[in-house]
Amino acid sequence: MSGAVDDDVRRSVARGRETLGAMLSAAQTHLQKVAIAFLIGFLGSFYALWLYVWDRLQTDLFAQLPADVAEETSVIGTTPFEVPLLQAKIALAVGGIVALPVLLYYSREALRERGYWVTVGSRWKVAAIGLIAALLFLGGVAYGYFVFFPLMFSFLAELSVRAGFQPTYSITLWAQFVFLLMLSFGLAAQLPLAMTGLSLTGIVPYETWREKWKYAIIGAFGFGALFSPPDPFTQVLWAVPIIALYALSLGLTKVVVTLQRGGSAVDAGRVLRERWRAILAVPTIVAGAIAALIVAGFGGFVNQTVVPAIPYISPSEPVFTYIGPLLGLPRDLAIAVVAGAAFVAVLVLSFAYALYRAAGSAATETGRAGDPTAIDFEPLDAAGVRAAPTEAFRGLSEQEAVAQASMATSDGEPEKARAILDRFDEAEAAAETEDESDTALDEAEHPGEPGSAPDAGNDANPVLSRTTGVVDAFTTEETTEEDVGGYYYDIAFVLDSLRSRAFLLLAIFMSVLAGTFLWFLGNLPGQSAPGIDQIRGDFLGRLPATVRPEQVGIVELHPTEGLVFAIKLSTLFAALAVLPLLLYYAWPALRERGITAGDRRVLIVWAGALFVSLIGGIAVGYTTIAPAVISWLAGDAIGAGMVVSYRISAAGWLVFFTTAGIGLLALVPVTMVLFHRGGLIPYRGMRNRWREVTVGVFAITAYVSPRGVFMMFILGIPIMLCYGLGLGLLWLYTLGGRRASWGEEPGESAD
């Protein structure tokens, strides 16, 4: 096993061990202080959770629940030690976070000797950045805590109660859900700091943030769909603040980058001397307007006329109060104080804006006078673009040129956009001409030089090269790219053949998924109750007389458990609906590549068999098998006086496997007979490849069943028994393999 770790890994591990040892050795004399800091964080957070946090969390986050839903909603502990262990885990994390800065501080000398301690030139800048990051993080957490969570839990709990479930959340799952989402909001709030820092360091230029704003909007709604319930309102609550934060970050980044590029060339005194009129005009107008509005009684007009006309707003106190009593000054002096304060505030902003404009002009002039590739195209018109040097366009990539042209078109300057693309094409053509001339000159100077011929291997497909390397690691013989390339090109060819049908397949998939999901939630037009509630009530009514419906409850231990179950089940039905059509359209490409043969019309029959099997399995299982299984499982517990409450994720899948699962099991031998009869997969291939099928079935069931090995065998063994039944039926149908299928010669092996 020592050969599996190379020297670089050994050296990295050794350096890490030495660094950790040096840190602990250097801080050995101060470990008592580190331990005290850890205990303060641990004990403080542990008792805060015990005495205050849990009750406060439940009160604040469930504040928007209706009264009837709030009575049904609770947070419970499912094991005797769940709450203490959860508090201990959180307290350990908090204690480690509190103790880490102390440990780093006392081990700074050891870290500095090994080059791991960052030397900071200005501590106040680090403190300012840390303060800004902390405030942004707290702002994101506050938005999630006070705005997002109350509305989201109101939606989730109301949906659960409507569906007939009891939202009884596990304290561990509920706390993990809340803390992870609050952490995600806090990290998302770091966007202004991250964008500004990346732009200042040049890692991601400001122009990239500005040009990719469309992708930012798509990403915000995409993350909203992942981290929030699948209703538009909560997705908007997640995405809109992120988009607004992105716009704010974009403006802040532009200001900071502009000051970085041209701030050194700006003289504040000169700006004040040249623009003092404009700088003073704005604050003078604003201060005069404020004073005039106060004198004219604008506050009383708003209190008496405007505020009563606004719906849903009825403040207990007036919006505007008399300024004299508020400041404790005579009215005229109070007006003067307010106008003067407004004048000073607007004066500072006006002067800062003038400095920013001067820095922007200096940055533009610096770009024009320096490197030709640093030209900013934004202030140029079409004539300026055509007059710009060629070097400015050689430094652009094709995506950057298209982005600049798109921005010009959005600004209503199509001529400028056309000029940018024309100049970029000219620069590309000139660069290609120069490359050809240089190549011809080299060949003339060094004719027939060994190694001058182009390396054909450089044109190889990188996907095949990487795949070959992976396959070589698991084979005893060398694998060539032709071996792997056949499969790669087959898959690419089949997928390319489906391109023209992709919209239809996607439309069917999304229609079935959305329709099933909306029916589960009860949002279809004319639907009186959620589909899950209808199924639950009807199914519990079919239980034997020994088990009454009110004795079997269905609960949610996770806030999104019911939604996730509905999404998974809807996705499964959508996949089953689109699978026959997908195979039907892919069949010509599969046959052309020699992967399969036979008559694809069999797939139409197979689709009908799939539908009939599902309907038959659901009918038989729903009326007979599933109620018998549930009553058998719950009967002893109810007889012993226990409270029986099943999780929706467990009870739902149990009902599915004992209803639709029965039909899918019956479909296995039917599929085998149909595929052999149509020449798609002959009997010999199914018989000779039973080992591969067994491994594949158990691998898939192990992946889709999260309950471990036991559940893998519960699902996998019935499937393989049905596969064996199908082989037996085919053995009888083919007279022991002597009768050939369509398109197969008698006795031909499928290997």
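Yeah, the Cβs are placed from backbone N, Cα and C, and that goes for glycine too.
Annotation comment: TrEMBL describes 428-442 as compositional bias 'Acidic residues'. The region 'Disordered' feature in TrEMBL is assigned to 428-464. Annotation comment: TrEMBL describes 34-53, 86-106, 126-153, 173-193, 213-230, 236-257, 278-302, 333-356, 502-521, 565-590, 650-676, 710-733 (among others) as transmembrane segment.
Away from its own ends, the transmembrane segment (333-356) comes close to residues 255, 258-259, 266, 268, 271-272, 275, 278-280, 282-284, 286-288, 290-291, 294-295, 323-324, 326-327 of its chain (Cβ-Cβ under 8 Å, at least six residues beyond either end). The transmembrane segment (126-153) and the transmembrane segment (236-257) are in contact, since at least 3 Cβ pairs between them lie under 8 Å (pairs 6 or more apart in sequence).
Residues 230, 493-494, 496-498, 501, 504-505, 508-510, 512-514, 516-517, 520-521, 532, 596, 600, 603-604, 606-607, 610, 614, 648-649, 652-653, 656 of the same chain lie 6+ residues outside the transmembrane segment (565-590) yet bring a C-beta within less than 8 angstroms of a C-beta in it. Long-range contacts of the transmembrane segment (502-521) within the same chain, counting only residues at least 6 positions beyond its ends with a Cβ under 8 Å from a Cβ of the stretch, are 159, 163, 230, 527, 530-532, 566-567, 569-571, 573-575, 577-578, 581-582, 585.
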